[in-house]
Amino acid sequence: MAGHREVAACLLSAMRAGGASADALRARNGLGATALYEAVRNGHAETVVLLATEAPELAAMTTDGGVSPLYLAAMTGSVEMVRALLRPAPDGTPSLASFAGPEGRTALPAAASKSKEIVQEILESEQGLALLPRADLSGKTPLHYALLSHRQHGVVSLLLSAEASLARVSDNEDRRRRNFLHCAIEHNQEGVVRFICRDGMFAILLNAMDYEGNTPLHLAVKYGHPRMVSFLLQTMSVEVGITNVDGLTPADLAYSHLEPGLHYFLNPRAVVKNCLYWTRAPVTGEDHVRLHSRMSTTTTPAMDEDPKDIDGITATATIASVLIATVTFAAAFTVPGGYVADDHPRAGTAVLARRLAFRAFVASDTMAFLCSIVATCFLVYGGAGQVPRGQRRLYQ
């Protein structure tokens, strides 16, 4: 029954003509999957529409693993199949479709990580709104899955518009007691943070603490997200002087992540520190050099570590690039064939100037010189210790 619609329709007609019972249509394979489930799994949308119309009770049956056809359809991102499974009967009877999925999940979290349109279809169903606060075995709600997808800002807005209280539900993973805003900052969801900061209904989230006493501003500083820090500082409800369990304010964290000395002016952590400095964010008064020494062993991100092998390769490539620039520059003045003598009408020009091979040489030499200059600039930038490691990788 996992074939095309025509084959499925032919088999259904043969079953009716032969007087087959309804149990035959509800038969399962070795994994407990029905014909409808197999049609969804193989992506045959027209067959799904046919089976959902002829035998709507199939949508309520799950596999041995507890996976429903609707959950699988949501996972595949097929709006057509989801609509077919959620479509009410001709007499107005609501769809019998099960929303069940593995590990306590429902079809809504699956849709939240795939498509805003599918989420809208599920929310408009009879049971849709009841699925919003339901968490799976790990404590994640549909809102958390939309956040983790990194592409579904529209889904996040849709879910929060349907039920704003979802943002206050903590993710139980690792018992970190982080709310939705904490998670958005941790996963670098800039658009989500902007959305929450601009909507007054989420003001309660702005100063909430996790298990370490960190507020969203603490986390934005800790992970080095300048734009998120800016969004939070522009929100009047945000308290900049709250201390975490270590007794550190956001400004203390900003200083602790910067080594004493010169810093690249676009270093995200330097920008974060400057933002807090300009807003006169309070510090505990501890010496910043000592604070950095105390915190660096536990808070310095691995991405800021400087692998010596990469730096060695960068230095070698820089030397080679400079040598190429030097040779190509010299070649422009010591052209092959020499120059025309002074007593000639074309004095000072290259002897081979009119030859195609010479013109190709000049073009190649110019291109090599320009490329080596650009490469040298990139390599010098990539080898500068003051530039953050994440930015340097692009040029090494």
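Just so you know, the numbers here start at 1 and follow the chain as drawn.
Using the three backbone atoms N, Cα and C, a Cβ is placed for every residue, glycine included.
TrEMBL does not curate its annotations; it predicts them automatically.
According to TrEMBL, the domain 'PGG' annotation covers 314-382. According to TrEMBL, the repeat 'ANK' annotation covers 65-87, 138-171, 212-234. Per TrEMBL, the feature transmembrane segment maps to 313-335, 356-381.
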Query - Long-range Cβ neighbours of the repeat 'ANK' (212-234) (under 8 Å; 6 or more residues past either end) - result: 176, 181-182, 185-186, 188, 190, 193-194, 197, 205-206, 240, 242-246, 248, 250-251, 253-254, 257, 268-269, 271-272, 275-276, 279, 299, 301
Query raised in the report: DSSP says what for the repeat 'ANK' (65-87): how many helix, strand, coil residues?
Result: 16 helix, 0 strand, 7 coil
Query raised in the report: Could you give the number of helix, strand and coil residues in the repeat 'ANK' (212-234) as assigned by DSSP?
Result: 15 helix, 0 strand, 8 coil
Query raised in the report: So how many of the residues in the domain 'PGG' (314-382) end up helix, strand or coil by DSSP?
Result: 45 helix, 2 strand, 22 coil
